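Undergrad: The following block contains the structure, expressed as structure tokens.
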Ligand SMILES: CC(=O)SCCNC(=O)CCNC(=O)[C@H](O)C(C)(C)COP(=O)(O)OP(=O)(O)OC[C@H]1O[C@@H](n2cnc3c(N)ncnc32)[C@H](O)[C@@H]1OP(=O)(O)O
């Protein structure tokens with residue numbers, strides 16, 4: 001296989017395209033095409049990271065002769081849901097070469113991928129970050145997590161007097177010390193936050209990978225742990241510093257990536273440590289949860305600028321298995337009608353009988369209480385968008401009075417869903 005057209009290649013309008021699986025021998029070519037699809041280049045270190053994360057059997061694309069003209073793959077992942085986690089196909093690296101765009105290749109790849117997931121029956125949910133928010137709704141993907149891009153001036157950001165920072169302390173550590181403490185800690189708090197993705201060793205390696213070309217003028221990644229009163233690590237954050245006179249002529253900016261803790265005091269203490277760095281005047285956290293506690297800690301929250309953005313999009317491939325994977329905030333027993341125009345076999349009527357201990361979900365012929373599309377089901381799945389919001393916008397059909405309220409209350413999650421891992 002090659003990654004670009006040869007001088008004697010067949011032009012797009014005369015190409016015969018075949019949907020092909022990736023083979024081990026073609027790995028580098030394939031990821032060269034992926035990189036070019038995002039107007040980037042493939043670097044040897046990225047390829048190594050990719051190899052550690054990628055199952056070749058989950059990669060495919062269209063070929064014209066011996067050339068890849070489209071790509072996509074998925075990782076076998078687990079996503080936290082209220083009350084547990086669900087096996088999830090993390091879909092990424094979707095590209096179609098410019099000469100072949102708008103001829104339906106993405107549509108065919110999506111159908112092939114989703115149908116394959118249904119047939120394999122291992123992952124009832126697919127998940128992706130969309131390059132453009134208008135693309136994936138037509139395939140039944142709905143926005144399932146959102147994010148805040150937070151920024152502000154550090155000196156002006158005092159905490160409320162009553163904020164308790166606990167009896168521990170935070171300190172900068174090496175990358176290795178960070179990994180050794182943060183990886184097991186994150187594992188214990190992984191399911192606290194719906195939307196979180198599990199981090200295997202390969203995903204941690206990717207998280208720590210920090211080539212200069214990806215720093216955009218900022219310094220290297222640095223690491224901080226918070227230690228509880230007894231010395232046990234109970235929180236972690238990573239950050240980098242950007243010296244930029246256009247941001248502030250008085251000092252640099254701290255750009256925060258990971259930030260998580262086992263308890264609220266440790267979380268607040270980590271923020272305080274980051275905001276109190278000497279010679280730093282500004283802070284930014286590009287991917288923060290929409291219920292970011294900083295907003296509750298600040299004495300003057302108006303000083304925090306928040307920009308709301310979309311984050312992950314989910315696609316429910318197997319309704320009963322996906323809905324049974326989570327618990328429900330309140331007892332609920334009703335029939336949902338899911339209209340799935342892209343994958344009709346996945347839609348239909350389902351009785352959901354559930355509560356805080358789990359749920360039974362099965363196909364039924366009974367009259368529905370509420371009708372919604374596959375995209376809307378994905379949107380409400382983790383509780384980030386109450387179905388009430390869709391009803392207010394005239395987007396769902398309530399057949400039984402009160403069904404919207406009951407579903408909104410039952411699907412509510414323990415915290416705002418959030419995904420920090422871009423893939
Ligand atoms: C999960 C991820 O990896 S996200 C990354 C997606 N990839 C990129 O952004 C890389 C650059 N872009 C591309 O490679 C391609 O343009 C793709 C993959 C986005 C689209 O591939 P195509 O083969 O052109 O899509 P296809 O022809 O199947 O289009 C399907 C529909 O989506 C629409 N569509 C496709 N791309 C876009 C877009 N960028 N913005 C809005 N609508 C789009 C088409 O108009 C079409 O609409 P229709 O069903 O109403 O006719």
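Glycine is no exception: its Cβ is also placed from the backbone N, Cα and C atoms.
Model, not experiment: these values are computed from the prediction.
As listed in TrEMBL for this protein:
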| type | residues | note |
| --- | --- | --- |
| DOMAIN | 17-184 | domain 'N-acetyltransferase' |
| BINDING | 94, 95, 96, 102, 103, 104, 105, 106, 107, 131, 132 | acetyl-CoA binding site |
| ACT_SITE | 136 | active site, proton donor |
| ACT_SITE | 423 | active site, proton acceptor |
Undergrad: Tell me the Cβ neighbour count for residue 105 (acetyl-CoA binding site), meaning other Cβ atoms within 10 Å of its Cβ, over all protein chains shown.
TA: 21
Undergrad: Find, for the listed active-site residues 136, 423, the residue with the lowest Cβ contact count at a 10 Å cut-off, counting only other Cβ atoms.
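TA: Output over active-site residues 136, 423: least Cβ neighbours within 10 Å is 423.
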Undergrad: So the record assigns 94, 95, 96, 102, 103, 104, 105, 106, 107, 131, 132 to acetyl-CoA. If I measure every Cα pair among those residues, what is the longest distance in angstrom, as a whole number?
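TA: Answer in Å: the longest Cα-Cα distance is 19.
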Undergrad: Using C-alpha atoms only, work out the spacing between residue 103 (acetyl-CoA binding site) and residue 423 (active site, proton acceptor) and round it to an integer in Å.
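TA: With distance taken Cα to Cα, residue 423 (active site, proton acceptor) is 26 Å from residue 103 (acetyl-CoA binding site).
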Undergrad: List the Cα distance (Å, whole number) between residue 136 (active site, proton donor) and residue 423 (active site, proton acceptor).
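TA: Here the two Cα atoms lie 16 Å apart.
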Undergrad: When you measure from the Cβ of residue 103 (acetyl-CoA binding site), how many other Cβ atoms are you left with inside 10 Å?
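TA: For residue 103 (acetyl-CoA binding site), the count of other Cβ atoms within 10 Å is 17.
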Undergrad: Can you grab the distance from residue 107 (acetyl-CoA binding site) over to the residue listed as 'active site, proton acceptor'? Cα atoms, rounded to a whole Å.
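TA: Roughly 21 Å, rounded to the nearest whole number.
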Undergrad: So, three-state DSSP: helix, strand or coil for the residue listed as 'active site, proton acceptor'?
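TA: SS state of the residue listed as 'active site, proton acceptor' = coil.
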Undergrad: For the recorded positions 132, 136, 423, which residues place their CB under 6 A from an atom of ligand 1?
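TA: Checked recorded positions vs ligand 1; flagged 132.
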Undergrad: Sorry to bug you, but what's the C-alpha spacing from residue 423 (active site, proton acceptor) to residue 132 (acetyl-CoA binding site), rounded to the closest Å?
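TA: If we compare the Cα positions of residue 132 (acetyl-CoA binding site) and residue 423 (active site, proton acceptor), the gap is 15 Å.
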Undergrad: Just jot down the residues in the same chain as residue 96 (acetyl-CoA binding site), at least 6 apart in sequence, with C-beta under 8 A of its C-beta; none if empty.
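TA: In sequence order, the residues whose Cβ lies under 8 Å from that of residue 96 (acetyl-CoA binding site) (at least 6 apart) are 37, 62, 69, 70, 105, 106.
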